[in-house]
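Below is one structure; the comments refer to it alone.
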Protein chains: 2
Amino acid sequence: MTLCGWVESKRDHGGAVFIDLRDRYGLTQVVVGPPEADTQAIESAGRIPTESVILIKGKVTDRLEGKTNEKLATGEIEVRSDHVEILNSCANPPFTPSQADLPGEDLRLKYRFLDLRRKEMQQGLILRSKIIKTMRDYFAEHDFIDVETPILGRSTPEGARDYLVPSRVHAGKFYALPQSPQLYKQILMVAGFDRYVQVAKCFRDEDLRADRQPEFTQLDLEMSFVDADDIMGLIDGLVARTAKEVLGKEVKTPLPRMTYDEAMRRYGHDAPDLRFDMEIVDVTSVAAKTDFRVFRATADAGNFVRGMNVKDAATKYSRRQIDELTDFVKEFGAKGLAWFRVEDDGTLWSPISKNLDPAHLTEIKELLKGEPGDLLMFLADTWEVTCKGLYALRKRLGAELKLYNSDQLDCSWITEFPMFEKDEETGNWSAMHHPFTAPLARDLSKLAEDPRACRAQAYDLVINGSEAGGGTIRIHDSKTQQQVFELLGIDEATAEDRFGFLLNALRYGAPPHGGIALGVDRWVMLLAGLDNIREVIAFPKTQKAADLMTEAPGNVDTAQLNELYLRTVGIKPSESK
Amino acid sequence: MTLCGWVESKRDHGGAVFIDLRDRYGLTQVVVGPPEADTQAIESAGRIPTESVILIKGKVTDRLEGKTNEKLATGEIEVRSDHVEILNSCANPPFTPSQADLPGEDLRLKYRFLDLRRKEMQQGLILRSKIIKTMRDYFAEHDFIDVETPILGRSTPEGARDYLVPSRVHAGKFYALPQSPQLYKQILMVAGFDRYVQVAKCFRDEDLRADRQPEFTQLDLEMSFVDADDIMGLIDGLVARTAKEVLGKEVKTPLPRMTYDEAMRRYGHDAPDLRFDMEIVDVTSVAAKTDFRVFRATADAGNFVRGMNVKDAATKYSRRQIDELTDFVKEFGAKGLAWFRVEDDGTLWSPISKNLDPAHLTEIKELLKGEPGDLLMFLADTWEVTCKGLYALRKRLGAELKLYNSDQLDCSWITEFPMFEKDEETGNWSAMHHPFTAPLARDLSKLAEDPRACRAQAYDLVINGSEAGGGTIRIHDSKTQQQVFELLGIDEATAEDRFGFLLNALRYGAPPHGGIALGVDRWVMLLAGLDNIREVIAFPKTQKAADLMTEAPGNVDTAQLNELYLRTVGIKPSESK
């Protein structure tokens, strides 16, 4: 047989050279030794540098008893070779993919071709390829048409910052890279395509967080003549299929659904981690009755006292650790953290328990279903601060107390999001999803009367406490669309200028339609059980949006800029290098 | 049953309204009339504007005898409805998709959502989706990994003009949109991925021809440890599979292969249309013996007299028409067109036949296998001009004489291209494919000795006379790569600056590898039997690189430019609008 691959490692042993030969499918042990190989072959095999590419010819044999390696797929065989050919020798590399102590990520990104040789990286990208193939198969079976939408599009100042592409033919004008194919897919519905799907590249020139990339991939789809239930049902099937085919896991469908209001009430967030319990409980009604100043004042001001029961944690958190948690919730605007231990006799104890009537303490304990050994924690603040603080606290405690396993997969829907958010400083309304989202039919009249109470036909898919996708039913009549634009402060002239083609499309026979977009990078990361999005992207950018391997972005010639009618300006010496 | 769709047309007839209801799957006749429907329902159905979106409820019935319509898939049934609901009314549209006389392409591009409702457009895009799905399935079955490569890359001044994307984070620096994923896919091979595939978006800021778009799609793949035969064999299977699954056509494999030299000799071009014969024949050896001044002088100067036998065409082209063909070949640099009719008695006649010895005329006739009624045509010129002129003439005559059917599918390979082309004015060499192409092993020494004679491990797939894809085996050692860079005038410092990561990758264990890229837009166009590439792209740009629907490229705010450290300069009033 003939084998090609990389020399992962080699050992001289008893006059023979043992080579671990690596290819995409795994490792194979190659033995170059007597009697098959002659002295010259053995000696030259001994001199092959690690990570060189070789071709070997030889015979497959069983390994000697006791020499099998159960960690390898090919661990029970070895190849005895008399012919080793170096296809390409490897210079001394800055690191090897098999070394135990890997260098920092920057060096690995610079030498990405070495880093991508690591088994973990290969597995991640193979998983990604499989997940995307499964998605495409699923939608093809459901009669979706895969349509490519343009990358060179039009800049719309809404939402995040666009990446711009100067035009050479149209002096002074610019294309923009799409933040999503949103308007194109709506146009496809108006054009009668009925079911559209695309694995689409999207772009946002934002300040980057750990899990954001300037370019990212989304599974994007749109359907006509459907409602929110149809879309969620379709995606339920996708989730189950993907989990089964790719991970061998069963996911029960339909996935659970919860309204936005319920999620905020029970978990303080619209993407709750449902792998563990520990729900938020509102004890404001009790607080209003107590003499404890902090609780009472909060209730009197119309604010909230809400808490969680951290089961069996009374002895797990010392006073010092609770002080740390107090500092932690203060980062989210809380003024403090109230807590009680449930004692063996069922009473609540804490530094503040003496300020509360025992009957009220009992009421609180019962509301939180407290049992001996539990730790009860409370925030007394505005609705928003209790949500943010308790969400963060729950997330932290869930991880610290290992309330879930990393291989758990919990998927659910959050529905009926508010249509709008109000910027309290400017008084301006903004769209919570995007300005093309349809309100719930029963909330249509609230568009004019009470925008804050108006709920959207919107749905987010949450996996393990991360938003893994979101969609909406869209507005399909131009009148409602204009009404929403007005509410968002986009006047008629501006709307026609920016979205004229959409408004036109809505006038010329637009069907009811809706869709969803799933973050593919995030999905792969979650399904692979990883927490660095750069590990599921072959050539990611750093948090400063640079590609360390190709050194992009780079300098360009003045001639290139002249052709584009551009000149660079205002660059401080500290910024250029 | 309930049906949703668009009102393609409607007729009042005998107190009932007949609606042709269109959805993605076809047309259905809906009858709103007595006894099912009441007067009010019939009247309101009569008032529904064409292209409105409606929902109808009703019963499926067979059509009355003699009223069936065999042109429709649903032509034998009709739906009798008592309930018609307007989901969205259509304003008076600039044109309707079913009208016989369509407006010009610009108006159709502006109202693309109307144009895309046409059956031909829907079929084209559905075919595209199927072809791409078939490709993806094929490569998944062959163990390829689908890897996404970046859209935000680094500008390299070789090849066509890049689209640039200014960076906000790195002042004065630019990303470039990829002209192909070439270097990334090579890096993936160095990283050990073995088999990579991607349906990739690529970009070129070129002056546009009818069949070019600023952004285009290519099926891009790369394999390790393979030679040219392996890649061609793999694509043979893809072609056969696609033709069978998508068009129901059998394509015999292996596809025929022809070297570049042979193609130039027999057809004057590296993408010959092999749906018909009419090969080029070289008669220079006879020309050298004649006394006919033009032929003799051409031969004496070391140039060529080459011609073609246009079978049975002697009476099809008048003297005036042959004069037109003469003007036609002059566009390609020819000085004239010599021609002979083969008479009934087997002799050659033409205005110049008296200048040639009858024995030489007979020799010429025999070389071209002339038979009575044939028309023989010749160019006497340099090799290049005879190639260009006869290629163009052959193409024109093939179409005019209908020497092939539009549903024929002829696929073949052209191999062993020259590595380099020399710009005769500047004396500079350029790479015929790209600078990463490996020479034939037997031509390696010619790299230094005789670059012009050095052939590449390159192969182009030709379908019906169009290049439908091309690939090469790549250079996998840094020494040869540097030698090629030097020949192309890229000095070591420049090479390191632009391609340092590739040269590095070649040093650290690069396997032998090669690949190919197929033009998806072109493939779909050829397989759909269309000749306008914009008909197989959902949202194409015009030849001026504009999107008439969204009006991209557009203006951007000064604030956006400031963030990018840019200012527009040098725009003449005539250029800005």
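Cβ from N, Cα, C; glycine included.
Curation plays no part in TrEMBL annotations; they are all automatic predictions.
Bear in mind that the values here come from a model prediction, so they are computed numbers and not experimental data.
Residues A:ARG204, A:ASP205, A:GLU206, A:GLN213, A:GLY519, A:VAL520, A:ASP521, A:ARG522 are given by TrEMBL as ATP binders; from A:GLU141, A:GLU148, A:GLU262, A:GLU467, that same site also lists A:GLU467. Annotated range for region 'Aspartate' in TrEMBL, selecting from A:106-109, A:182-185, A:454-457: A:182-185. Under the three-state DSSP scheme, A:HIS13 (site 'Important for tRNA non-discrimination') falls in the strand class. Counting same-chain residues at least six beyond the ends of the region 'Aspartate' (A:182-185), those with a Cβ under 8 angstroms from any Cβ of the stretch are 149-150, 153, 196, 198, 220-222, 434, 436, 499, 501-502, 515. On the backbone, the CA of A:ARG522 (ATP binding site) and the CA of A:HIS433 (L-aspartate binding site) stand 19 Å apart. Checked against A:ARG204 (L-aspartate binding site) by C-alpha proximity, the recorded positions A:HIS13, A:GLU467, A:VAL520 yield A:VAL520 as the nearest.
Take the Cα of A:ARG474 (L-aspartate binding site) and measure to each of the recorded positions A:HIS13, A:GLU467, A:VAL520: the nearest one is A:GLU467.
Listed in sequence order, A:ALA160, A:ARG161, A:ARG212, A:PRO214 are the same-chain residues six or more apart from A:GLU206 (ATP binding site) with CB atoms under 8 A from its CB. Note: A:GLU467 (ATP binding site) has non-local neighbours A:ASP270, A:ALA271, A:ASP460, A:LEU461, A:GLY519, A:ARG522, i.e. same-chain residues 6+ apart with C-beta under 8 A of its own C-beta. Residues within less than 8 Å, Cβ to Cβ, of A:VAL520 (ATP binding site) and separated from it by at least 6 positions along the same chain comprise A:ARG128, A:ILE131, A:ILE132, A:VAL199, A:PHE216, A:THR217, A:GLN218, A:LEU219. Here ATP is bound by A:ARG204, A:ASP205, A:GLU206, A:GLN213, A:GLU467, A:GLY519, A:VAL520, A:ASP521, A:ARG522 per the record. The longest Cα to Cα distance in that group is 20 Å.
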